[in-house]
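Lifted from TrEMBL, the feature list:
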TRANSMEM  21-39  transmembrane segment
TRANSMEM  482-505  transmembrane segment
TRANSMEM  537-553  transmembrane segment
TRANSMEM  559-581  transmembrane segment
TRANSMEM  602-626  transmembrane segment
TRANSMEM  632-651  transmembrane segment
TRANSMEM  663-687  transmembrane segment
TRANSMEM  724-743  transmembrane segment
TRANSMEM  793-812  transmembrane segment
TRANSMEM  832-851  transmembrane segment
TRANSMEM  858-875  transmembrane segment
Amino acid sequence: MIERCLGARRSRRIHRFFRHFGVTILCLFLTIVVLRGTIGAGKFGTPEQDFNDIRSHFYSRKKPKPHRVLKEVQTTTSTSAESNNYNTFDIKKLLVDEDEDEKPDPNKPYAIGPKIADWDEQRANWLQRNPNFPNFIGPNKPRVLLVTGSSPKPCENPVGDHYLLKSIKNKIDYCRLHGIEIFYNMALLDAEMAGFWAKLPLIRKLLLSHPEVEFLWWMDSDAMFTDMAFELPWERYKDYNLVMHGWNEMVYDQKNWIGLNTGSFLLRNCQWALDILDAWAPMGPKGEVRTEAGKILTRLLKDRPVFEADDQSAMVYLLVTQRELWGEKVYLENAYYLHGYWGILVDRYEEMIENFHPGLGDHRWPLVTHFVGCKPCGKFGDYPVERCLKQMDRAFNFGDNQIQQMYGFTHKSLASRRVKRTRNETSNPLEVKDELGLLHPAFKAVKGRSKKEAMPVPSPAKDKAIQRSETTIHKVHKNPKVLFAFILLFFDTLLVALIIAYVPYTKIDWDAYMSQVSGFLEGERDYTNLKGDTGPLVYPAGFLYIYSAIQSVTGGQVYTAQILFGILYILNLGIILFIYVKTDVLPWWALSLLCLSKRVHSIFVLRLFNDCIAMTLLHAALASLLYQKWHLGLIIFSGAVSVKMNVLLYAPPLLLLMLKAMNIAGVISALAGAALVQILLGLPFMLSHPIAYISRAFNLGRVFIHFWSVNFKFVPEPVFVSREFAISLLIAHLTLLIVFAHYKWCKHEGGLLHFLHSRLIQMKLGVAISNFFSFKQFYIVNSTFKLLKKEHIVTTMFVGNFIGIVCARSLHYQFYSWYFYSLPYLLWRTPFPTLLRLILFIGVEICWNVYPSNTYSSILLLCIHLLVLWGLWISPPEYPYSDDKTGNKDK
């Protein structure tokens, strides 16, 4: 019938089509069966199901863990690709974890692990049973395990994995050099503790799994070692179980949420550690618990933004609210950078390389540079990604240079990945410079000797003498500044001798001094009658006693007096070099600046001014303050004031330092000692003519001659001598002192007002009065409240005096000695480049050598002063307190 309807020809075509179609279907079926047998595809499902099956086959052995140890914030920023298919292929889709997290029971409180109450006993028994795994690998060298981690997934930012690799390479290098074991984790042990808190379950598990480890050292993945030579002072922590970078004042007094940092800390393996982890962890479970805990932390802690609970804020909360339970075993370290904020360090690396050396660990060469706020593995962060990555390159190269240099290489620059050769090894390859001992660390040396019994045993006295000699030689070798300082003293002594011998003496005030001394020695006690050819006597009584002794020794002869003042110059320079070496702010070569002033040499040995004696006594007082000898320092300071009153420019910062370092009883007794010196020295004059003595010796309203002034010469003389100009400068002086005290010197105490309130108002006056009459205050440093860092003492004193110099109405040529010796120190406390510092130093010297001074030299000097003051203002304030209970006596 089909053939009749369609025709024979068309009917044959239709039959052929159906035969071919059947064969095609059969071939397709066979193809699917074959493919299913080879790769497991084609289960007659949807295309999505087939793709899932393919993915499951290829990645069956790469199933990722649910989360990462340190969770990075996700981003929507896209990355560009040139010759790959990153824009069309998203690898994250192949690594999605479809397992659901185990949901905790909301009715049960969170616990980081099973409660353990006898860990100390269990650990002690284990160590006794396993003597081959001691918890100390040396007398004061504990076994340490450094722990860090990252995500098992590729970073959100593709380049982030490269920086994680750099970070772990950096940590491996440091651990290898210091005999520290390292553990790298890429798994989340507790899904409830994601994010900041992921470290806590890991730390607990490692403490229990490694009883041979004495200290566990946690370090975030975004922190790098930048001082490969620094060894932690383990002896300092023998009585502590938790060591973190922080400040006691910011944590306990201010309750500041950034008073410590948990990105790098040490935790001793003991029962106490397990207990604090149990107390620390309950704020960590994600969800409502973490959110509500964050609200509590924000209400209690100073300046904390509103966000969920983090481990750092929770630790501050624990220490503030349960200080009696935990505080005694927590050491907040700030003598070196266990955590160093990258924003204030990375740009100063070149300055550190130029001026300092590895092994310091502090602001001069930081142990750790922590990139807080950067997200190298993510795309969201507090800072631009490009800036963070560039700075991380610099930090890595800064630390890696210390490794490369051991093998004769160094990076071409801190921003370069390329290295260059630094030595020729063809002739003597074994002659390797390893001053820091990094190539062959001491812990790798053989501990014992087979012939130890045959070695002679020296006597104890001889052994101690040898040790002292070796210690002195080691200190000189380790610190080239000491040797260079002695060289400077030697050559400057020769220079002073040549000046005395060949440069003519300049007659200015010597004859007037001798006339005033002669009147005093003849029995005159009325200050109004003590005069010289340059005018009446205007100095306190200490001046008369000292110059009377000089007259007695020299007979009033100038040449002999020049020799005495030459000795005084060398003595003063020695004290100044001592201060500079102790503070270690300048590079060694910059110490030579202290010997290069033509004007200062002239003031000492050609003019014989009393400013020289006053400043030498002031510098001696400052040197005693470095060792916390406040009562002795105040007595010497008072002696300096008795020679010339310009020393009082140091009084405001000195009083502030005393309030920081001493209790109220100590401050009162020290001030009483200083006042007693003034009373005893001025007693002969105050008994006969008290008003004349006080009005002449302590005249604060003197008007100097405009012609002799080096500064403000551009101000018209009527304005210069006016009372209004003097009052305006006084207001500026007091304002600058208050501003610097509030924002710089007391920054870590919460500002000047907060500091004064905490130190004065809250003190019990009754306790102060009861301790006041204890004579021990005058010869024992029992009144010390806190130990101040040497750098903070010197910086505060020098800056306070410099503010007075800037605001002084008149500076005569001899007044240059008031601040010349502090000028290099102040310049190196600014963030200026070294070239600019040298230019400013030379500029000041030029201004002081222009005679007579003119408008241009005066304007230039004022501009330089203001620029230096601005540099001091923008420089970061140093932390004022030292946690060294010994007072740094060995430094």
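Heads up, the Cβ atoms here are built off N, Cα and C, so glycines get one too.
Contacts between the transmembrane segment (559-581) and the transmembrane segment (482-505): present, as 3 or more C-beta pairs lie under 8 angstroms, all at sequence separation of six or more. The stretch in 482-505, 537-553, 632-651, 858-875 that contributes the largest number of Cβ pairs under 8 Å to the transmembrane segment (724-743) is 858-875. Between the transmembrane segment (793-812) and the stretches 482-505, 537-553, 602-626, 832-851, 858-875, the greatest number of Cβ pairs separated by less than 8 Å involves 858-875. Long-range contacts of the transmembrane segment (832-851) within the same chain, counting only residues at least 6 positions beyond its ends with a Cβ under 8 Å from a Cβ of the stretch, are 351, 354-355, 593, 596-599, 710, 813, 816, 823-824, 857-858, 860-861, 864, 867-868, 871. Outside the transmembrane segment (602-626) by six or more residues, the chain places 496, 499-500, 503-506, 508-510, 513, 539, 543, 546-547, 558, 561-562, 565-566, 568-569, 571-572, 575-576, 578-579, 582-583, 632-634, 636-637, 639-641, 643-644, 646-647, 650, 657, 790, 793-794, 797, 813-818, 821 with a CB less than 8 A from a CB of the stretch.
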